[in-house]
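Enquirer: Taken from TrEMBL, the feature transmembrane segment covers 24-49, 69-92, 104-133, 145-165, 251-275. For 69-272, the entry in TrEMBL reads domain 'ABC transmembrane type-1'. The region 'Disordered' annotation in TrEMBL covers 294-318.
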């Protein structure tokens, strides 16, 4: 007689709390989001269009605003791929290999979360500024890092490099190395293992990390404000341009540019939601499959021993 078929759910069931507790918690969460998120965003868009569409378009199409938008997109377009390469490499090393300094690398990855962005900007000024360690050499070779695009990219990359790595590391560690070892036994080389085994398993986490990294890169203020020099029309990103407009009491223009930045944030949230739904759909498609009916276990004597896959040099054991 076979056991009944089980259909495990990939998601945890809700807790059996009293209805009033659930309503209280949901109400508190909604009130918090309304007060700190929905109301400020609504005010930003209301103030942006308060004086009409013509004033709005004039504010977002004037040369300084276009320069700030362009510089923001360029800095994000450079720093995000750099963080993508670093995040994948760091996650691969930490999740798949044992080596000296592994814990130190994990700690250093979290450094931008604990260090003020202003301090990170000052570090780059100390290193690449005119009075810094490499300032004289850069001046002699007519190279400019601080108060130029390279400094903005460096500062943006520093404050955003944990996002992709931190999304990938837990997932890669949970998956283990069995699939990579099996692919190696079947004759796949390193690149084939990465492209055909590892990457498909982490693609959604990778995309999720890229989305968060891009959002943080476009909204960075503190580190960029230190290394940019606030040169209007040249080294101002969108957050810096908004600050200057606001300090000059050009509120309509400031809110107009701020609405663009808020719009980019909303697009990021939509992309984040789409990725989460795709992940849930894949989990439902794989986790909701019913297992085979339970049968009597064969005796050890009648079961041939399965050969253990060969170990990959430098990879910790299963």
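Positions of Cβ are set from backbone N, Cα and C atoms, glycine also.
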Enquirer: Taking the transmembrane segment (251-275) as the reference, which of 24-49, 104-133, 145-165 gives the largest number of Cβ pairs under 8 angstroms?
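Expert: Out of the listed stretches, 24-49 contacts the transmembrane segment (251-275) most.
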Enquirer: How about long-range neighbours of the transmembrane segment (104-133): same chain, 6 or more residues beyond its ends, C-beta under 8 Å?
Expert: 90, 93-94, 139, 145-146, 151, 154-155, 158-162, 165-166, 169, 220-227
